[in-house]
Amino acid sequence: MLRIFCFVISWCLIAFAQPDLSGFVSILGAACGYGFFWYSLEPLKKPSLPLRTLFVSCFFWIFTIEGIHFSWMLSDQYIGKLIYLVWLTLITILSVLFSGFSCLLVAIVRQKRTAFLWSLPGVWVAIEMLRFYGIFSGMSFDYLGWPMTASAYGRQFGGFLGWAGQSFAVIAVNMSFYCLLLKKPHAKMLWVLTLLLPYTFGAIHYEYLKHAFQQDKRALRVAVVQPAHPPIRPKLKSPIVVWEQLLQLVSPIQQPIDLLIFPEVVVPFGKHRQVYPYESCAHLLSSFAPLPEGKAFLSNSDCATALSQHFQCPVIIGLERWVKKENVLYWYNSAEVISHKGISVGYDKRILVPGGEYIPGGKFGSLICRQLFPKYALGCKRLPGRRSGVVQVRGLPRIGITICYEETFGYRLQSYKRQGAELLVNLTNDGWYPESRLPKVHFLHGMLRNQEFGMPCVRACQTGVTAAVDSLGRILKILPYDTRETKAPSGVLETSLPLFNYKTLYGYCGDYPMILIAFCAVSYLGGGFLGYRLLAKKEIR
């Protein structure tokens, strides 16, 4: 009966240990949820389950939980029914990894190899790195330590060891709690210590920084546009209609501002393609700035330059970029920083979305897609960018730009800190998964970079979370976003963003300390098991 209770209570705790669902359940689940589950697999009193039954039970438990955690993927209005197969594949892979780890833990407990037990947090980090670095472009959502970030102190701990340190801590805490349930000596003290230590480090650092924050008076006045356009729009009567809607949004902006930001691919036709009739643009932009003479048609660059001249500040805008090489047309998802003189500095997205921006498996994957799923085959070759994401604009701090879910990969953004970035700007569009949890899930994963690197961030989104967040992870201003109950309205976020920056261990070292810990843990466990087997063979002889 106790095993069933632990199984059920652990499922409830971990299934809803999501910061977007419940902060309290997230913290509680991170403290004891997995410990209850492992106790249900291997309790103090026997009988023990056969290994196969153990794996199946574990797989069922985590498979149903991962299904809830990634339920936002099942919004198929724009993505299509193939997303169900992608969802099933993803949660199956994640479930197999966790089930294998749990069976390893139980096997060590059964053999009473306590010395090996404490290598397991590092082993889990090594396993989780497979998903961060190895599953397609990397799966950064819903890592095991994410529930810790429901607390400001838990998020601040990420400034020391990043996402991997948070996952390490959650595994260590729950193993200690499991040992407490097994009535192991010193387990209670160990559980309290592993539970409080990460939050204590985070709390001390956070409270110290709050005091230092007050001494820095620098701020940036930003205006962030949320057009709230759906991903697939009805056929336009005229190309200029998109700019007409955007200009209606920006015209009430209170001046002066230092930076005007638009979301990912906010207008079609790329940067330089001249598709907008001059007369139509002159009618719309006459109250903003003079337009270049001698052109029959204007481009997105011309329109953005006019806005930059009007507001006397740079404009960051998400655009497509097309490049023809050897008779092959390549597509880049880009961000352009355009000054009032028309000078542009660009960045191309580096981490592409599997399926949406590239087909995994190279030529073989593309062939299979064309044969079995022709509807989802991509019309042109899409490439990851190589241009630096850190841009320097006169009169502004260095800006680190990310597009879409790039902001959720801490190790990718470490180079931004080294290059002197003081502000993160993310351009995104979560509208591909309407009426789902994705906007908030994406936002909460992205804002972790603030405290990992000690930088504020601004997010510009079509229908997701458009927000300004300071370097301590405090939300300064946020626009309404798309949920199951409400549609995101169009609007402009205007705020003064404090530029307080600080150095962090994670910003300096990145994932390398945890990679070293993971390597040592795997080596110790592997070497220990090998030595144990060799010793057993000698005894048999």
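Any Cβ shown, glycine's included, is placed from N, Cα and C.
Straight from Swiss-Prot, the features:
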- 21-41: transmembrane segment (TRANSMEM)
- 54-74: transmembrane segment (TRANSMEM)
- 82-102: transmembrane segment (TRANSMEM)
- 116-136: transmembrane segment (TRANSMEM)
- 157-177: transmembrane segment (TRANSMEM)
- 189-209: transmembrane segment (TRANSMEM)
- 220-499: domain 'CN hydrolase' (DOMAIN)
- E264: active site, proton acceptor (ACT_SITE)
- K349: active site (ACT_SITE)
- C404: active site, nucleophile (ACT_SITE)
- 512-532: transmembrane segment (TRANSMEM)
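Overlay of Swiss-Prot feature records on the structure.
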residue	record	CB count, 10 Å
E264	active site, proton acceptor	24
K349	active site	28
C404	active site, nucleophile	25
Interface check, the transmembrane segment (189-209) with the transmembrane segment (512-532), three or more C-beta pairs under 8 A: no
In contact by Cβ distance (the transmembrane segment (116-136), the transmembrane segment (21-41); 3 or more pairs under 8 Å): no
Segment-level pLDDT (mean, integer) for the domain 'CN hydrolase' (220-499): 88
Sequence-remote partners of the transmembrane segment (82-102) [C-beta within less than 8 Å, at least six residues beyond its ends]: 37-38, 41, 54-55, 58-59, 62-63, 66-67, 70, 73-74, 76, 120, 123-124, 127-128, 130-131, 135, 139, 354-355, 373, 376
Distance from E264 (active site, proton acceptor) back to the residue listed as 'active site, nucleophile', taken between C-alpha atoms, in Å: 7
Rounded to the nearest Å - Cα separation of E264 (active site, proton acceptor) and the residue listed as 'active site': 10
Long-range environment of the transmembrane segment (116-136) - Cβ separation under 8 angstroms, sequence gap at least 6: 90, 93-94, 97, 100-101, 104-105, 108-109, 143-144, 163-164, 167-169, 171-172, 175, 179, 354, 360, 409, 411, 511, 514-515, 517-522, 524-525, 528-529
